[in-house]
Amino acid sequence: IDMGDAGEIRLQIAGGEEKARGVAGNGTSAATAAPPTMSERVHWWAVVLVNIVFVLSGQTVASFLGRSYYDQGGGSLWMATVVQSCGTPLAIPLLLYFRRRPRSTAVTRPPLLKISAIYAGLGVLLAGDNLMYSYALLYLPLSTYSLICATQLSFNAVFSYFLNKEKFTALILNSVVLLTFSAALVGVSHGSDGTNSSVPAGKFPLGFALTLSASALFSLILSLMQLTFDKVLKSDTFYDVMEMQFWSNTAAAVVSVAGLFISGEWSTLGGEMDGYKKGKVAYGMTLAWTAISWQLTTVGMMGLVAAVSSLFTNVISTVGLPLSPIVAVIFFGDRMDGVKVLAMLLGVWGFFSYMYQHYLDDAKVKKILAERLADDDEQQTVKLNTE
């Protein structure tokens, strides 16, 4: 799937008004661009839908396995952090495939040292974010953890406004307020009660703070990635996105492995495996499938960043959060009281407010493109008649 050739399709299907202006400003009139054919539209939507499935299924399974790891006897926070980024080698075939494809010579690649520094910095941030998520998942029931994670959408709206010059409309503000209230409800209700999970007593406030901080940092990372595409790489082809995903996650894995050894937790892994309730094989399979699930999630997110935007990526990530509380109720016996249900409904309401704003933006851009195309056709007709 050549995401690098889908620029015009992205512009007309999922772009923003600023993108439309940007194309015209770069010397290529949006009006003269041919509308995408049916096969191109189907191709674009197929790419988007596949990545959405990766994100929704990957993060739900990864969160479930992460909570299960602790409940079955796992206790290494650094190991729980390592598996969030160590699945990066699975992306090598995709990276090699897209590297072989011809690339545009119009964009000059930044210096290697500059790119390396950016990827390393993002990797350190990712490692810290993953560690906070590991602590948060240990200290909170899965249902509570997932509801608080929904705040990443509101954080992303704020960061995108300041870093990516995205619009901050009334609908987005409504979404931010609703998601903030949703997290506040979970916080004041002390949602650590009513679960069969092995949640440490008295750790709810710390778990709440860590989840909130991790959600904010994750949103910042996505906005910084988008900023890198726009200002440094000046390209958002699928290869560029996969390259960023690969090297930043590799850096995060290196930092996490270093933390595992420096902390001394590596020496306890043998005893942890022996004491795992479901046995050694289940221990290994849990870690392996957690790594695979997180890798699928990451690939899906990066694919959506390439196809649409970091904002849309965070929106889709938020869609899957209500799935985790349902999984938690079924498999971990989490209690969904009235406060949690209300928090979930507020989160869903906030999500749909955000999605409706995207719908309005898309409709506006399509109208602009249609008007420009009609004007261009009219000018061509007048020119032909004159000749």
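One-based numbering along the chain as shown.
Here the Cβ of each residue, glycine as well, is placed from N, Cα and C on the backbone.
Look at TrEMBL and you will find 44-65 (among others) tagged as transmembrane segment.
Among the features that TrEMBL reports, transmembrane segment is placed at 77-98 (among others).
According to TrEMBL, the transmembrane segment annotation covers 118-138 (among others). Outside the transmembrane segment (118-138), and at least 6 residues removed from its termini, the chain residues within Cβ reach (under 8 Å) are 63, 66-67, 70, 77-78, 80-81, 84-85, 145, 148, 199-200, 203, 206-207, 210-211, 213-214, 217-218, 220-221, 224-225, 228, 232, 244, 247-256, 259.
The transmembrane segment annotation in TrEMBL covers 144-163 (among others).
As annotated by TrEMBL, transmembrane segment applies to 170-192 (among others).
Annotation source TrEMBL lists transmembrane segment at 204-225 (among others). Sequence-distant contacts of the transmembrane segment (204-225), counting only residues of its own chain at least 6 positions beyond either end whose CB sits under 8 Å from a CB of the stretch, comprise 122, 125-126, 128-129, 132-133, 135-136, 138-140, 144-145, 148-153, 155-156, 158-160, 163-164, 183, 186-187, 190-192, 244, 248, 301, 305, 310, 313-314.
Residues or ranges marked as transmembrane segment by TrEMBL: 246-266 (among others). Counting residues 6+ beyond its ends, the transmembrane segment (246-266) has Cβ neighbours under 8 Å at 76-79, 81-82, 84-86, 88, 91-92, 95, 116, 119-120, 122-124, 126-127, 130-131, 225, 298 in the same chain.
The transmembrane segment annotation in TrEMBL covers 286-308 (among others).
The transmembrane segment annotation in TrEMBL covers 315-333 (among others).
Marked as transmembrane segment by TrEMBL: 339-356 (among others).
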